[in-house]
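The block underneath contains the structure these notes are about, expressed in structure tokens.
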């Protein structure tokens with residue numbers, strides 16, 4: 001007599017049989033490419049893949065797993081994808097993306113994967129680190145109280161930057177954003193601060209020009225240049241800031257100071273938007289994906305000043321009593337001065353202040369074109385050098401009063417003496433804040449210029465001769481008070497003796513009339 005099975009028994013039997021089948025590791029860790037388009041590969045059958053994992057493809061090509069769906073994986077190819085075909089085998093690697101780190105990278109130009117592209121041979125780096133890392137926790141951080149000198153009077157006096165700060169440089173195209181950041185890198189020569197310059201989506205010719213300028217000014221030796229140019233894929237432009245940050249963190253973790261420039265994060269957001277739309281992620285405001293804020297916040301939060309305990313723990317006691325820092329200068333390009341667009345507002349809210357560069361000021365010959373009214377440094381004041389902090393208070397006030405009165409003076413024909421003096425002082429302060437590119441100024445020279453204008457020594461100097469006067473004054477002090485100049489540059493201190501020397505030196509120089 002035939003055995004009859006009821007439906008529930010059949011169901012149980014099938015379940016038991018399925019559970020008894022042991023899938024081999026190979027079948028869980030191997031899949032096949034189902035489609036390749038626009039740098040995105042869809043892979044079927046990778047059951048064990050992790051978010052952000054490296055996937056190995058034929059011809060030594062790798063992809064980054066970004067979308068984990070029910071029965072397929074969406075991954076972005078790192079590099080060329082012309083040789084990939086439907087049906088190609090894809091394998092999991094069990095690793096996330098890592099890049100080379102260490103002092104061997106200084107003086108070199110690398111791509112987003114840390115591969116040298118400057119024709120100077122292999123890097124020789126022995127260590128690697130993952131491009132994505134959780135930012136240091138609150139317990140491991142220290143407050144920002146050491147300065148990063150940019151060499152610009154307007155920035156160091158009014159918008160000071162500290163080690164471990166994130167200071168946004170924002171403005172329209174062609175307003176001098178990159179110039180300001182490159183001069184800040186050049187000014188770190190001899191300070192021990194290591195620099196990382198990340199070029200995102202820029203022309204290769206522009207990057208080559210920047211590298212040449214760094215070399216000419218002796219700054220390439222302490223700098224790593226990470227370049228993901230406009231001709232490279234969106235994936236490379238998306239990961240390049242994280243790769244650069246990892247290279248900078250190497251120095252921070254070991255009790256050293258580093259400065260990183262992201263030029264610029266607007267292009268990274270565009271690259272990420274492109275990848276997200278190709279992966280069929282739902283678009284949000286301005287077609288950016290929902291996590292574009294997290295894209296930048298997780299990057300910029302990695303810039304910090306870490307405590308002695310953090311460094312000691314990280315190095316297993318090899319480095320003691322030293323704090324480390326990574327200072328970030330992200331750059332954002334605005335359209336027609338619109339700082340209320342999606343990405344600019346995001347980055348403004350993440351950073352510790354912003355330097356706003358204005359087209360009108362730039363075209364009027366005021367360079368760097370810093371708008372002192374809406375530029376701010378939220379934490380840098382505590383890090384400012386003592387002498388600059390003491391002297392620079394009058395600068396902001398003079399400029400604010402000048403801007404207010406200048407608008408009013410357009411309609412008034414006869415002005416009283418006090419108003420006229422304020423206007424003239426404001427004109428001189430504005431003129432004095434001008435500075436040539438690739439000519440960062442030392443602390444002593446900045447202090448001297450600020451002191452001279454604050455104390456009224458420049459009131460009789462014609463505005464058009466002001467910069468020549470300043471140049472001559474600096475040369476006079478270098479020749480006659482060399483010891484004092486080097487003392488100020490070393491200590492950054494301020495006392496009555498220095499003030500007396502400043503007064504005497506300025507009066508002496510004015511009597512020579514050699515300007």
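Cβ from N, Cα, C; glycine included.
Here's what Swiss-Prot has on this protein:
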BINDING   171, 172, 173, 174, 175, 176, 177, 178  ATP binding site
SITE      375  site 'Required for activity'
Check your understanding: What is the separation, in Å, between the Cα atoms of residue 177 (ATP binding site) and residue 375 (site 'Required for activity')?
Key -> 13
Review point. Given the binding-site residues 173, 177, which one is most crowded in terms of C-beta atoms within 10 angstroms?
Key: 177
Exercise for review: Within 10 Å of each Cβ, count the other Cβ atoms and name the one among the binding-site residues 171, 176 with the highest count.
Suggested key: 171
Review point. Which one of the recorded positions (174, 175, 178, 375) has its C-beta surrounded by the most other C-beta atoms within 10 angstroms?
Key: 175
Revision key, fill the gap. Residues lining the ATP site besides 171, 172, 173, 174, 175, 176, 177, 178 (CB within 8 A of their CB center) are 333, 357, 359, 362, 369
Exercise for review: Give the helix, strand or coil assignment DSSP yields for residue 177 (ATP binding site).
Suggested key: helix
Check your understanding: Within 10 Å of the Cβ of residue 172 (ATP binding site), how many other Cβ atoms are there?
Key -> 18
Check your understanding: Restricting the comparison to the binding-site residues 173, 174, 175, 178, which residue's C-alpha is spatially nearest the C-alpha of residue 375 (site 'Required for activity')?
Key -> 175
